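A.B. asks: In case it helps, TrEMBL gives these features for our protein:
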type	residues	note
TRANSMEM	A:7-29	transmembrane segment
TRANSMEM	A:35-54	transmembrane segment
TRANSMEM	A:61-81	transmembrane segment
TRANSMEM	A:87-108	transmembrane segment
TRANSMEM	A:115-132	transmembrane segment
TRANSMEM	A:163-183	transmembrane segment
TRANSMEM	A:204-230	transmembrane segment
TRANSMEM	A:242-259	transmembrane segment
TRANSMEM	A:291-311	transmembrane segment
Amino acid sequence: MTNRQWLMTGAVVALLLMLPLFLPNFWLANILGRAMVYGIVALSLTFLAHYGGFISLAQTMMAGVAGYAVAMMAPTAIPLGPFAMSYGYAIPLAVLAATLTGALVGLIAVNTREIYLLMITLALAVGFSLFAQSNTQWFRGYEGIRNIVGPEVFGMPFRTHLVFYYVALITAVLLYLLVLYVVRTPFGLALQAIRDSARRTSAIGFSVALHRIGAFALAGFIAGCGGVLITFYNIGITPSSIGLWPTVAVLIMAVIGGLGHPVGAFLGALIYAVMDTFASSIIGHDRFNTLIGLVFLTIVLVSPDGVWGIGKRLAGLGGGKEPVSDPVAKLTAGGK
Amino acid sequence: MSGHLEIRGLQVRFGRATILQGIDLSVLGAPLSVVGRNGMGKTTMCSALMGMVSASGSAKLDGKEILGLGTGRVARSGIALVPQGRRMFPSLSVHEHLVLVAQKGNPAWTIDRVYETFPRLAERRRNGGDQLSGGEQQMLAISRALLMNPKLVIMDEPSEGLAPVIVDHLIEVLRNIATEGMGLLLIEQNLRVATSVSEQVAIMVTGKIAATLNSAELAADRDLQNRYLGVSHGH
Amino acid sequence: MTPPPPLPTDTDALVLKGVGRRFGALAAVSNVSMTIKQGERRAVLGPNGAGKTTLFNTICGDFPPTSGRILLFGQDISHLKPHQRARLGIGRTYQTSLLFTGLSVLENLYLAVRGARKGRFSMLKAGPDDADVAHARALADRVRVTQLLSAQVDAISHGQRRQVEIGMALAGNPKLLMLDEPAAGLSAAERPELVALIRSLPRELTLVLIEHDMDVALSNADIVTVMKDGEVVVENTPDLIADDPVVQSIYLGEGH
Amino acid sequence: QDVIRIGSITTLEGPFATGGQDAYRTMEMAFEAVDYTVAGKTIEWIRESSDATPDVALARARKLIEQDNVDIIIGPLSGAEGIALRDYSRTLEGRTIVNGSSGAADTTLRDPSPNFFRFNTEGTQWMAGLGTHAYNDMGAEHVALVAADYAFPYAQVFGFMHEYCELGGAVTKLWSPLNTTDFSSIIAQIPSDADAVLLIQGGTDALAFLTQYAEVGGDLPIIGGSITADQTLLSARGPHQRLMEGMVAAGPIADLNDDPEWLEFVANYRERWPDGFDSPSIHAFNYYTNTIAVLQALEEVGGDLSDNQAAFQEALANVEFTNPMGANVRLDDNRQAISDIFLTRIVNDGGTMRTEAFGRTEDVSQTMGMDTEAFIALGSPSRDNPDCPPAR
Amino acid sequence: MSLQFILTVTLNGLTLAALYFIVASGFSLIFGLMRTVNMAHGALYMVGAYIGFAVFDPIYGSAWYSYAWLIAIVAGIAAVAILGVVMQVVFLGWMQGQELRQALVTIGLSIIIADQLLANFGGSPFQFFAPDMLFGPVQVPGVGRYPVFRLFQVGLAVAVGVGLWLLLNKTRLGIMVRAGVDDRQMLAACGVNVPLVAATVFALGAALAGLGGVIGATAQPMALGVDARFLLISLVVVIVGGMGSIGGTALGAILIGLAEQWGQVFFPTYSVILTFVIMAAVLAIRPQGLMGRKIA
Ligand SMILES: Nc1ncnc2c1ncn2[C@@H]1O[C@H](COP(=O)(O)OP(=O)(O)OP(=O)(O)O)[C@@H](O)[C@H]1O
Ligand SMILES: Nc1ncnc2c1ncn2[C@@H]1O[C@H](COP(=O)(O)OP(=O)(O)OP(=O)(O)O)[C@@H](O)[C@H]1O
Ligand SMILES: CC(C)C[C@H](N)C(=O)O
Ligand SMILES: [Mg+2]
Ligand SMILES: [Mg+2]
């Protein structure tokens, strides 16, 4: 990122930190906070898609693994799960579970690419949600696990609007920076190389499988963080939280926002949250899906790189082709 | 006589760069070769003629404008291309490549004639397009174009990757198609091929035709080669 | 044009023992045995479809051999993955360019440098490594693509890609360099440069070369192996090869 | 404050949309009947829709409470949503959630929330009397149970077997995943010595089973669950009708019921909603019942919602009224309805299939008349609970 | 477990497979030939069923009732084929090669289509009634009474499969479309009218979805949500069998059909997941599917 972009990022974060002074609680927690927690899951997809060329529909599933894991271990669950413990242990373990799931998905899909990967991850995701729905012993079937209210933070319940908002914000910012950092490491550049030619990448010494699995594990970690927060936000988790529609919704968010840059994930999630909340007041409840479909379709038709792409073009930043990778692009431009 | 191609002021830009800066060339009843160093714009010219990249200027086949037609219609108006990089269809077998383009009736080029010309392809008729060696692919790319029995065939470095004995054979074939009345625009890096197939050799330098020379002269004159093509023999 | 004298060494760089590769019923390579000494320049010739590229692919691991064994400096690498073989010091080019088309020329070369180093799987240190970038730039100079450094690979010409291709193979300072028709697609002006480049390679480097351009092939080889239908038919020195009647009939044609 | 804001949530999206639409029809009737005023205050009604998933129901509820600032929410429609809103209600102060139509037992049975009220009966209650009827009157000593594999059917099966096993009946259980559409291999497993099929499936699944059972010429009598014989099934033409005529079931509602209250309700419904169903659906009935309870309690406290709605909630807890079926409704300590359940039978009413009430169990409580602790000790309904030996 | 039971369940699996094959073949065709992942396949299936039913219902109530079903099939196929062409020409054709974008466009379309069907037809389930000739039980040796319609499905599936195989492997159209997947521009340079070919294929694939819709809604009730179900089934069948291969699609359908039916017998609770387990297992061993060509 250029200095200007760093400056903008800093300004936006500062603004977000101050928002509670101006915004009503509903906007804070249920529009912005919600956009951030779902945006984190979308971020994991954007990361995979933009840098690795993997369109994974298994991100909601990875989030769901973390969600279910934390629910099974949560001390507040009703009824209490088989592995109840304090949130201090439950949360990291849940994120770990999601990370491992990510690695597992990467392992299963290690030899598939592009559209094949899309289909396979979709099938995995649906399979998992059906499993959660069928398993009554641990996943508690159709009704799911309820009353996952989250830990207390500084003595305040997690679902207090301010607490939720700040935790979501800080997590989102950290993960966002993590992605920007990782793609500048050799790992990130190698991912982009694999996207173009796996065969050549391996001929110059990189282990393609390891990088792929690594990418999915990292995506699982990110999605897992989102999954835990989403579960707290929804006070529980059910198979419908990870079903077909939420799975597709994450893709919709990422695409509306723009797969071209990690920030697109959050833009998309915000747009989605606003539409989801207020569309029914505009168009009537019953045709909400048509509206979402139309907006989504229009954006895909007009701008393959989503709102972020439109914004970039409007801002005139996009004179030429966006340098695909950070690290070396800078060198080429800088010419030392 | 058909297969006359007249190119006037052909220009191609990619973004800010002008890759072709006004090409004038004519293929009138005899093969024409174009040579030039890497990155001079030869392939770009072929793509522009086929409607694969957008271009300005004019290119007429037998008096009819082909620029701006779209690739499919350019091809149907009678131009075939042997593309650089071969561009096989991995999903099709060798034989299916040929069936795809073979013409009905009694054309000059038939599948049988292709198999006679390149017996290697007959041996590999069931292999997929990506299950061929580089040279086999090149033979197939050439055959695919000829089987369309076009008025004019554009070949972008057809000798690349062919073994010497096949290159000799290719020269024969190319000389023959000229006498059969098919127009030929030949891009080559192999000077021997270029000069033995056509009387005239055009030389392209950074998107322009720098000169059109007589083949025999060019083949014999090292200085000429050095001047236009940067060929040095001083090792 | 005589090749420089071979390095007097007894180390076997690459040993093939009865290597074969089948595609279904077709034996693209069968029962190929050869020994290439360290520092040797070996040319592999043969008509189209003789199995030369396939032989390369079995050595590099893209298509592991279906029979036989491959030893690299004494180590059996027959069943290693391509990236493992690359790390043991094999560098190669592809007959059909295989580059990272979405990245710039410099990024391509940088990656190739990086892939040969330790710490290739690293999420820890961000940003490029200065020494590696310098190395990549030096490579670009060697293969004469300096003016294209920042161009994205899908916007450069065929011949230019062929040049980058060679740069990629050199990046890891390989012990065994395998070039598959490096002169193909190069203009007449670039070919002498290629020959010069090959000659400038360090003597202890072992080179295997496939080439249909006889000038390039014969002027760079210590020994020439001629293949046909997947098998080795002749193995000899360059000056004797050109006059071999078998080679003339199956490969060179009458005119040579 | 002269306005009382009532928000509602039902499903207008996805597979349950028809039920949700119908629910809003009768809700609208209830509000129109009082002209949108209660105790001199205007009712402002804000409708929301979910897609039958808990997450969405919760998001809508949050919007209603936090953005639209409603005092009371009526909803939701399905079981898992109900549990989610119960949990949410616990976090609220001075707001009340009154169920719409959701019927999961645990919503009120275990860990009830002080400000969640349910004036409709639920899945277990709805089966009251059916087990007894099957064993005693139909003489079925062994039924093959074909049921969807999730909580709502578990509750219904629990209600049925609670009576049936006690009497000595045997049950062979055949669970099918929710949304099964090919029952052929389940049909092949129906034991040859079964006396009847107990079909606890809803909508499409039921239609699929019945059609496919008819297709192989199956001829056992069918006993249905409370949502098996719903309007979608009754109004659809087809071979399944042959099997449906005479099918018995139990539930809170029947199309044909002589009670004048019901006749008037149906007449009003048909007049107000000519495009609606032939007779109000179970969801419409439940939403309506819950809505009139709210209206009645508001009336009793004179629209006073002050003091964190203390008076209002107190009134709600003590409301007693007659629902459109003519059954008395009151709440137990967990704020769950105690009311009457009907045995129904499908009859051909002049070319139209309808359900007809032929029996009634009065004052059915959520614990089926048992002591609460003893009932809870029976365990949550599940695939294996209860089980009557010798099944299989 | 009696032999008769084993045979019955196996036959159930095969006949279910026939339905899955009919539906998935259209998806496989479009994917195999154009590399377009048509996520609206389920929606098209549903359109076929709904349009078919809109035509069927009034006729069934009239004197022509015995033709109602056939007319519904024709109507369903025609309507969906037209819709398919519109999709290809208006939305997908000009972004050919951008596979992800196409998949996203079809997701958008399927959301809109499903919601519009709900708006226009309501959410009540319905079912077609096959003509009497195809309804009711027949005696099948070793099995006993068995629904004719399920046997009819098998016949239809075989016909569709053979037809498609011939089309793909024995006609020039088949060659063209396969070539178009690899390199559209080069195909055009071979003189082929690529947009026309693409529209034809899409019409055909969509028509199969329409046919599947009517057949499927005869075998099983139709309701909202079925689009997702049949999209998923198509995905899984095609992934397991190998994309773009007719034989693979058939094999995938058989595996999934049998797994579903036997799963219902052995572990009813997890039978739905069994299909996904099979899929994961196949992928782990053969990423290109059982009969798919190796992905380079
Ligand atoms: N898409 C593109 N965008 C920008 N520049 C391009 C693009 N494609 C090609 N070029 C540039 O245009 C020039 C001409 O390329 P072209 O492929 O026509 O060369 P050529 O004469 O065929 O070379 P070669 O002999 O290597 O095949 C090259 O310098 C190349 O870098
Ligand atoms: N994937 C494959 N499947 C089946 N056959 C193949 C495959 N790849 C190559 N072949 C066949 O194997 C033979 C050897 O091919 P190879 O590419 O090794 O030839 P080559 O000697 O490099 O030829 P060229 O000089 O033309 O590049 C060829 O006849 C080719 O048709
Ligand atoms: C039919 C409805 C009244 C009950 C709903 N199916 C539930 O799950 O609670
Ligand atoms: Mg070129
Ligand atoms: Mg080769």
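Including glycine, each Cβ sits where the backbone N, Cα and C put it.
Help me understand the surroundings of these features in the structure.
C.D. replies: Beyond the ends of the transmembrane segment (A:87-108), by six or more residues, the same chain brings 56, 58, 61-63, 65-67, 69-70, 73-75, 120-121, 124, 150-151, 212-221, 223-225, 227-228 to within a C-beta distance below 8 angstroms of the stretch.
Outside the transmembrane segment (A:204-230) by six or more residues, the chain places 37-41, 43-45, 47-48, 51-52, 54, 56, 59-60, 62-67, 70, 91, 94-103, 105-107, 109-110, 167-168, 171, 175, 178-179, 182, 187, 190-191, 193-194, 198, 237, 241 with a CB less than 8 A from a CB of the stretch.
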A.B. asks: Count the Cβ pairs between the transmembrane segment (A:61-81) and the transmembrane segment (A:242-259) that lie under 8 angstroms and are 6 or more residues apart in sequence, then report whether there are at least 3.
C.D. replies: yes
A.B. asks: Can you tell me which of A:7-29, A:163-183, A:242-259, A:291-311 gets the most C-beta pairs within less than 8 Å of the transmembrane segment (A:115-132)?
C.D. replies: A:242-259
A.B. asks: The transmembrane segment (A:35-54): which same-chain residues, six or more beyond its ends, come within Cβ distance under 8 Å?
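C.D. replies: Sequence-remote neighbours of the transmembrane segment (A:35-54) are 60, 62-63, 109, 113-114, 117, 168-169, 171-172, 175-176, 179, 182-183, 188, 191-192, 194-195, 212, 215-216, 218-220, 222-223, 225-227, 229-230, 233, 249-251, 253-254, 257, 259-262, 264-266, 268-270, 272-274, 325.
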A.B. asks: What else in the chain is close to the transmembrane segment (A:163-183), if you only count residues 6 or more beyond its ends and a Cβ gap under 8 Å?
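C.D. replies: Apart from its flanks, the transmembrane segment (A:163-183) reaches 1, 13, 16-17, 19-20, 28-29, 32-33, 36-37, 39-40, 43, 46-47, 51, 153-154, 156-157, 189, 191, 218, 222, 225, 229, 232-233, 262-263, 266, 325-326.
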